[in-house]
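Everything on this sheet refers to the single structure shown next.
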């Protein structure tokens, strides 16, 4: 993921046009003629500021706007309220269509073919034409044909309009046709936009309830807030983009100016068309009339159609799609996964009411869609018999349990690559594990949201008489907003980001950089902010049902916890703790009061950190008072042990149980045998004496009697004893001899008697055929070897040599019958101890214990996990 190149491609005029003076350079689109655009004014000043010159069209537009109010009064007095409302509703629909369809078509043809500009050039509308026919033009002022008279009139009218509008120093013929055409185009835009606005406002005014009780409530307060916010958006948008982008200037000519994101354009994509219409919904709240709300939704939706089919294509064609190589990193990762893994196919994704990437040969896709179909059909067929309380509990428990399951996978995957390891150790690939995760995550989303839809639908159906139509529509708008957020999020981060690919395939990431394109330009975590608004929309749709409020709180909390405590720490670990300020954050911090609060918090934080550092320095000074050899415990322990041995020798000079070379080696690496020297007074020795090997943690502090079994890890002290226990205990006795005062011998514990577990052990000498302890050796350590993992060949070589010495390898295959102490678990531990990965017992049985396959598989897993680090 990466930051996006700053261009105009995000929106019309989504940048500051530094036009403080007339020194801004501009050029025509096709002929590349450069010029300096004249100073222009906004729509309101042009029409209503008495200090500015007014053209004939501007005066007509102002009169038309004012006349709407007189017409409203007359129609109201003559035909009544309802007729007047519908009269202005029809007018609004006309002007809205003229805006989105009429202006849209004009701009479409101007963008593709420069129709208006070419028309002006063809008919010499803005050129100096002599009274006789110009040899280089098809235009003639002396012709009596209707067409030529018409264009002659248009020529004179347009030139008169511009001269009456612009200052005296404006030279009409010194500028290219593009700028003059744009100035005339602005007049018609003023007419359509102002009429669109005024007729809508009059319609809304006529729909406001007459009762003060219906007006003064929380809806009106929220509506006023939205209206004020809308006004700020429009004013700030014009401050940023100026007239050039406000009137679609780049459809006619291009300005050469620095592009800077600022103000409201940091908050939302296409703010003039998105949050710039919140006033519509504020007025709808004040009216509390669902008809007004539907009209507002129609107006807003048609504006988005204008954006999609007119502005965005022009922007992409003129400025590019606004993406660079870094911004497409996630998309390239998806392509790379498909390229390197031929059996990989894009995952099924649920977006709103549709499914993307359905694969007819993938069973899980049928299972997911079948689950939705079964739940929906079951609900429709049994709607009358479904208990809403039981359904609520089902939705709540399903959401909570499935979220815990998903969160656990992500947390353990982030900490130790647990999910990937689980599949690798069972013989599957890294990408296969990712595919299974994709199914799990998508199924989790589909299941929980399907249950939420069913619960909300039944809640509305059972209580429909109390449902407010406006609340129902507002709820659907919030659902649509969440659906849009999900689509924009996926568009920005692709499938790889949508499915938390950096948790599972971080080795595919080539650039450690978070994306700042699309919706992530405005919000750092859009899924945490807008990803639950649809769930809160169900609260509105159900008239604030308690069960839906509880579910909305659950959705919000689980979403917040997942982002805050699992996703954010992992992102910091993968991409670094770079502080990324969202567009909304930049705008808020740009406000002076909030900036002052932020500065105060930063100063307090610095004071606290400084005091903690000073206190830490003072506390560290006390450590210098300790002796220098305080931490050197090793020599002290050796001295204590020698003293204890000295005391034991004086008490019984012929009692001895020592490990050979114990002064040199206290850690025995398998398969190295451990040889034990023992000595007992002849009067205490019994032919049935035996020596057992135990974990120190098992025997604990009981020094007189062993209360745990040896598990077969024992040896006789004499070859003539324990004849019915096989040869193993005889072969371990390598030496025994007796004198007049004592008996001494030597016992060797090899791989047939030793433990194959890392740990601290001790030998215990037992009297006769009992568990009474006579002697205990010094504790020592046994550890598994660390095999050479430089190459898979060296790893295989060391592994086969070790298994051969342990007597569990036959024909290149692992056969645990050769040593009962070295089983499948021991082999797994050996591999894990050497290479850091674990293979499952099921996988090793599946490959028949083949040492070659096992060693190479373990080495491949190691390489995969290393690439994820």
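Any Cβ shown, glycine's included, is placed from N, Cα and C.
Pulled from Swiss-Prot, these are the features on record:
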TOPO_DOM  2-55  topological domain 'Lumenal'
MOD_RES   2  N-acetylserine
TRANSMEM  56-76  transmembrane segment
TOPO_DOM  77-86  topological domain 'Cytoplasmic'
TRANSMEM  87-107  transmembrane segment
TOPO_DOM  108-187  topological domain 'Lumenal'
TRANSMEM  188-208  transmembrane segment
TOPO_DOM  209-212  topological domain 'Cytoplasmic'
TRANSMEM  213-233  transmembrane segment
TOPO_DOM  234-258  topological domain 'Lumenal'
TRANSMEM  259-279  transmembrane segment
TOPO_DOM  280-291  topological domain 'Cytoplasmic'
TRANSMEM  292-310  transmembrane segment
TOPO_DOM  311-362  topological domain 'Lumenal'
TRANSMEM  363-383  transmembrane segment
TOPO_DOM  384-389  topological domain 'Cytoplasmic'
TRANSMEM  390-410  transmembrane segment
TOPO_DOM  411-439  topological domain 'Lumenal'
TRANSMEM  440-460  transmembrane segment
TRANSMEM  464-484  transmembrane segment
TOPO_DOM  485-534  topological domain 'Lumenal'
TRANSMEM  535-555  transmembrane segment
TOPO_DOM  556-869  topological domain 'Cytoplasmic'
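Contact count against the transmembrane segment (440-460) (Cβ pairs under 8 Å) is highest for 390-410, out of 188-208, 213-233, 292-310, 390-410, 535-555.
A contact links the transmembrane segment (188-208) to the transmembrane segment (56-76), because at least 3 Cβ pairs that are 6 or more residues apart lie under 8 A.
Summarised as a single figure, the pLDDT of the topological domain 'Cytoplasmic' (77-86) averages 95. Ranked by the number of CB pairs under 8 Å to the transmembrane segment (292-310), the listed stretches 56-76, 259-279, 390-410 are led by 259-279. Long-range Cβ contacts of the topological domain 'Cytoplasmic' (280-291) within its own chain (Cβ-Cβ under 8 Å, at least 6 residues beyond either end) map to 204, 207-209, 214-215, 219-220, 222-227, 229-230, 299-300, 468-470, 472-474, 477. Each residue in the topological domain 'Lumenal' (485-534) gets a DSSP state, and the totals come to 31 helix, 0 strand, 19 coil. Residues of the topological domain 'Cytoplasmic' (384-389) grouped by DSSP class, helix first, strand second and coil last, total 4 helix, 0 strand, 2 coil. Using a Cβ-Cβ cut-off under 8 Å and counting only residues 6 or more beyond its ends in the same chain, the topological domain 'Cytoplasmic' (209-212) has close neighbours at 287-289. Within the chain, the topological domain 'Cytoplasmic' (384-389) has long-range Cβ neighbours (under 8 A, six or more residues past its boundaries) at 455, 458-459, 462, 547. Long-range contacts of the topological domain 'Lumenal' (411-439) within the same chain: residues 337, 341, 344, 347-348, 364, 368, 499-501, 503-505, 566, 569-570, 573, 837-840, 842-843, 846-847, 857, 861, 864-865, 868, each at least 6 residues beyond the stretch ends and with a Cβ under 8 Å from a Cβ of the stretch.
Helix, strand and coil counts from DSSP across the topological domain 'Cytoplasmic' (77-86) read 9 helix, 0 strand, 1 coil.
Packing against the topological domain 'Cytoplasmic' (77-86) from elsewhere in the chain are residues 203, 206-207: each is 6 or more residues past its ends and has a CB under 8 Å from a CB in it.
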